[in-house]
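**Student:** So that we are looking at the same thing, I have put the structure below in structure tokens.
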Amino acid sequence: MTPHNVYHQAPDFKAYAGRAEPFENGKACYWYQHIQAFDDALNQKNNQTNQPKIALLGFACDQGVNRNQGRIGAKHAPDAIKSSFAKLPISYQTQQNFQSMAGIVTDAGNVVCDDDDTICPNLLEIAQQDYADKISTVLNANALPIGLGGGHEIAWGSFLGLWQHMASAPTPLANIGIINLDAHFDLRQDQYATSGTPFRQIAEHLDIKEQPFHYLCVGISQFSNTASLYERACDLGVSVIGDDDCHRLDWQAIEQKILAFIAPLDVIYLTIDMDCLAGSVMPAVSAVAAKGLSLDFVERCVLLIINTGKVKVIDMAEVSPKYDIDGRGLKVAGRLLAVMVEAVLSSSPFKSLPLSR
């Protein structure tokens with residue numbers, strides 16, 4: 001039996017491979033050719049064109065999914081998503097925005113929760129804290145972390161990393177908002193932390209700290225949440241755009257709801273549970289959506305949210321390669337990651353967190 005432990009895994013650049021275009025000009029380039037290790041990019045601080053803007057950080061863990069009675073397998077997703085993304089070409093516009101692409105997008109490795117596929121007391125909590133510390137490190141370097149799960153228990157770690165970074169500043173805490181594209185509220189009560197509890201944990205943390213809980217869920221399915229979860233969401237003041245509304249309202253109405261939520265906030269943490277997508281689009285998840293959202297709708301939401309300039313942490317959760325069909329799910333995950341990366345890089349240069357209101 002493998003010892004149960006948590007450790008940091010350095011970036012595996014053998015996973016970064018793709019097409020070569022020796023007969024094209026220099027703009028025929030792909031992400032795999034320019035991604036560097038986060039630590040290496042930080043060591044190039046004398047070269048201002050190579051300052052890391054984005055760090056991909058894997059959370060190779062589905063201990064929370066196992067605890068939540070789900071289908072395990074998401075711990076194998078981080079490197080698979082990175083590989084799918086790295087094969088994609090870098091857009092013309094992004095290349096125009098930077099003198100050099102080297103080190104702009106970096107790989108910070110993976111936090112691995114090695115649990116031998118068994119439920120292990122305290123192991124998830126250790127992994128979440130380790131991951132949170134690395135999120136804080138990326139933020140301290142003025143880069144934007146994109147977490148790649150793993151189960152949606154990644155959300156508590158992502159939020160905690162953001163909180164630690166902001167709480168360590170000498171200025172007042174910013175007003176934080178969370179936007180979750182998901183079929184589920186993930187507000188469950190349980191005997192321990194799971195992939196279904198992270199936003200209840202966040203709400204309780206903020207209550208202890210006497211801070212408001214601003215939480216918007218987009219894509220919620222009435223058939224994926226019990227009445228008790230709807231009641232808890234109501235008690236916590238959660239804003240909801242259900243999956244039916246996502247299909248039946250026009251885009252302008254959706255856009256207004258999202259922007260109205262964001263307007264009074266300083267900082268946004270954006271999290272995407274890939275089971276928000278229709279099962280025909282995203283089969284590679286623990287809980288396949290019977291209805292779900294279109295990829296185009298999710299991309300429009302992501303672009304709208306990132307273009308506000310308030311997003312400081314992003315993560316993607318619940319991709320499970322073992323349930324993929326012909327690589328479709330990983331192609332979707334890689335494309336969505338590319339959309340987010342390009343959106344961040346096309347916005348104004350990433351700056352330090354606005355810590356004062």
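Just so you know, glycine gets a Cβ as well, placed from its N, Cα and C.
Remember, predicted model here, so these are calculated numbers, not experimental data.
Below are the features listed in TrEMBL for this protein:
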BINDING   HIS152, ASP182, HIS184, ASP186, ASP273, ASP275  Mn(2+) 1 binding site
BINDING   ASP182, HIS184, ASP273, ASP275  Mn(2+) 2 binding site
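Can you tell me where each of these features sits in the structure?
**Tutor:** Using a 10 Å Cβ-Cβ cutoff, ASP186 (Mn(2+) 1 binding site) registers 29 neighbours. Under DSSP, ASP186 (Mn(2+) 1 binding site) is assigned to coil, being neither helix nor strand in the three-state scheme.
DSSP assigns ASP275 (Mn(2+) 1 binding site) to a helical segment in the three-state reduction.
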**Student:** Does HIS184 (Mn(2+) 1 binding site) have same-chain partners at least 6 apart in sequence with Cβ under 8 Å from its own Cβ, and which are they?
**Tutor:** HIS152, GLY196, ILE220, SER221, SER224, ASN225, ASP273, ASP275, ALA287
**Student:** If one looks at the chain holding ASP182 (Mn(2+) 1 binding site), which residues at least 6 apart in sequence have a CB under 8 angstroms from its CB?
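**Tutor:** Counting only residues 6 or more apart in sequence, the Cβ neighbours of ASP182 (Mn(2+) 1 binding site) under 8 Å are HIS152, CYS217, VAL218, GLY219, ILE220, THR271, ILE272, ASP273, ASP275, CYS276.
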**Student:** I want the residues beyond ASP182, HIS184, ASP273, ASP275 whose C-beta is within 8 angstroms of the mean position of the Mn(2+) 2 site's C-beta atoms, in chain order.
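**Tutor:** Filtered neighbour residues, in order: HIS152, ASN180, LEU181, ALA183, ASP186, GLY219, SER224, MET274, CYS276, ALA287, ALA317, GLU318.
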